[in-house]
Amino acid sequence: LPVPIAVFFLLYKERMVPCFNGSSHPLLSADELALETRPGDKDELSSAAQRPHPAAGHEDLFSCCQSRNFQGASFTYFAVHITGALVLFMTDGIVGEYSGFVYSYAVEEPLAVLHKVAGYLPSLFWGFITLGRLISIPVSYRMKPATMVFINVVGVLITFLLLLIFSSSVVFLFVGTASLGLFLSSTFPSMLAYTEDILQYRGCATTVLVTGAGIGEMVLQLLVGSIIHDRGSYSFLVCGMIFGCLAFTFYALLVFFHRMYPKPSPELDEASPDKAAVPEDTGQYQR
């Protein structure tokens, strides 16, 4: 609770809350934001500070859901947003449910791993997620984001299939956990980069994707926990396999809608529904 309260306080002070923007004062004025000003531009800076000018980044925070931003947008524009968010809903949900329940799955029958040994599984999973994110940095220079997402989704699907086949092997449980961490590690940034290549966005698409990923990580943990409680620990891998299949299906739909999505021309790109206005450099500030 302290974090959202503090964020709301900052939004209120910056006049970014539509219902309470009458009496608050911004934390920083335009003069305080200027790092360095040329002597000949002081008069221009003072006059510019007195003129009211819209802060594009602040006003766009609550403008993603306004209907005027979607006027003229095609069906594929919304489909790319939805399918991309659903892919992250499944993959981030797998991250949450696997890290949360792999220990419980390992200590139950038929594996019956010692509690101390099973405690290494979540650490192994998160360790290989960190390693995979480091490896994906140089790989992203040589591979397209769409290809990286495809490899990740297929790798997750194959890993869960092998975990189901060798469900009685403790050794393969550790190997599969490490493999799953590697494949899931770069899915989120690669999906952001892929959709950015399609939409040329600057704001609202990020909100949709991050929200989908967060909801998936929350909801799928609750769902898998309930299923494990009712059906037993083996359903843990079955749920992961189902989620992996759904992630691959949504990715295939995303690629399909990507092929249908019209490629914007340079003139139309500036008028994209998700393209934020970029202020021109007036030369008033220098670093």
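Each Cβ is built from the backbone N, Cα and C atoms, and glycine gets one as well.
Segment annotation: TrEMBL labels transmembrane segment over residues 117-135 (candidates 3-21, 117-135). Scored on C-beta pairs under 8 angstroms, the neighbour of the transmembrane segment (172-194) with the top count among 117-135, 147-166, 206-228, 234-257 is 117-135.
Across the candidate stretches 75-95, 117-135, 147-166, 206-228, the maximum count of CB pairs under 8 A to the transmembrane segment (234-257) is reached by 75-95.
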